[in-house]
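Novice: Take this structure first; my questions come after.
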Amino acid sequence: MTVQTAQIVKNYIGGEWVESISTKMEAVYNPATGEVIAQVPLSTKGDVEQAVLAANEAFKSWSKTAVPKRARILFKYQQLLVDNWEELAKLITIENGKSYNEAYGEVLRGIECVEFAAGAPTLMMGKQLPDIATGIESGMYRYPIGVIGGITPFNFPMMVPCWMFPLAIACGNTFVLKPSERTPLLAARLAELAEEAGLPKGVLNIVNGAHDVVNGLLEHKLVKAISFVGSQPVAEYVYKKGTENLKRVQALAGAKNHSIVLNDANLELATKQIISAAFGSAGERCMAASVVTVEEEIADQLVERLVEEANKIVIGNGLDEDVFLGPVIRDNHKERTIGYIDSGVEQGATLVRDGREDTAVKGAGYFVGPTIFDHVTKEMKIWQDEIFAPVLSIVRVKSLDEAIEIANESRFANGACIYTDSGASVRQFRETIESGMLGVNVGVPAPMAFFPFSGWKDSFYGDLHANGTDGVEFYTRKKMLTSRWEK
């Protein structure tokens, strides 16, 4: 199958590309043009059953495959991703809409995740103590847990799947992936390259669809763990239903990330970082900067700088040269975003840059221009809700204490940033902010794959985060062996 020209996306089960049991289809759009580029099946629980059984059968041999051999397959896979990065970046742009440069960055992050997974055997090593008592020793050994289900979002169609299945299979598990029905083509290409790298049949499976596939994974007794990334309501649902069915669950949810700008901040740096963090990927990322709390003395300067830089942003098809801001994913999301902009005006915020008025918004595709509100308060919907779009809210505060207090009132707690040259302020921020990933003079403090992606509050449901040693813990279980050896 050549996914770029596929009219109907197929499922990948047991190493074969197969049609879904379901005859129901959903269109896959290029969000920059509104054109239909493929049809994706809305698969059934019957499709899930086939994939899980294939994964379970493959687990019998894959879990016994020597760890170095698993790693060598992943190293080859990593090289294939490098060799095909241009194709992958273009495919991301076509089905997701983000700029080609941002898509290239996503490909690199995905490759980094695979590199980490290829080295995971080092982290899988157990521990031993030779003398817990006279003549008695104990040791801990790690083992895979079985079939893993992964449910991934549209906004990072390569990076998030590469968070999940490479590390899971490196640890000896097998995997059933449900990619977003809005961006299924990239996932299919990832499977093709995994097969080319030598991954055995059934180790990685893909079932396309929506609610039925999610519920099928959550309910199936052979699925031992679920990794999820998506919106807060669905994350909470996945966590509750998955744990009710006695599965391990990590569910990464929504965000409302605050950036704090203090009087001593380098405003040129802060402006550059905030613009990129707020409007990159059309604001459709869980680490986007969506609220800026700024001390009153410099607020006018910062707002002026932000508007000036936002006016320079090139909006359009991500494949076009110099484009920074692409479309949001669908027309209904565009209308939802415009509804939030309307509500901000109605609730009394000052609209200093209106993304509804950009030329691209009035043409084909699902575009919303960079939008900036000033004088936002925490009673407003644009402060409270995750908009997931290029909309930035500015809150004026009197002090760092007030900025932290406001940020901590949000129910979301993925990331937070501070712009300052004060070590004392950084320390106070680090110790008192209620958020899992922090940045100092950095707009998007997303960690590398060898660290956990550690959201708090309603930004995460579970105990073990994605990536890093948390990821290895999540995808393995332990055996303790205690032995007595007497002369």
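Even glycines carry a Cβ here, placed using N, Cα and C.
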Novice: Given that Swiss-Prot annotates LYS178, GLU181, ARG182, SER231, GLU386 as binding NAD(+), state which candidate in PHE154, PHE156, PHE279, PHE429 belongs to that site as well.
Specialist: PHE154
Novice: Under a three-state reading of DSSP, tell me whether CYS286 (active site, nucleophile) is helix, strand or coil.
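Specialist: The three-state answer is coil.
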Novice: If you draw a 10 Å sphere around the Cβ of GLU181 (NAD(+) binding site), how many other Cβ atoms fall inside it, taking every protein chain shown into account?
Specialist: 20
Novice: Measuring Cα to Cα, how many Å separate CYS286 (active site, nucleophile) from PHE154 (NAD(+) binding site)?
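Specialist: Rounded to the nearest whole number, the Cα-Cα distance is 12 Å.
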Novice: Taking the binding-site residues one at a time (LYS178, ARG182), which has its Cβ surrounded by the most other Cβ atoms within 10 Å?
Specialist: LYS178
Novice: I'd like the Cβ neighbour count for GLU386 (NAD(+) binding site), meaning other Cβ atoms within 10 Å of its Cβ, all protein chains included.
Specialist: 22
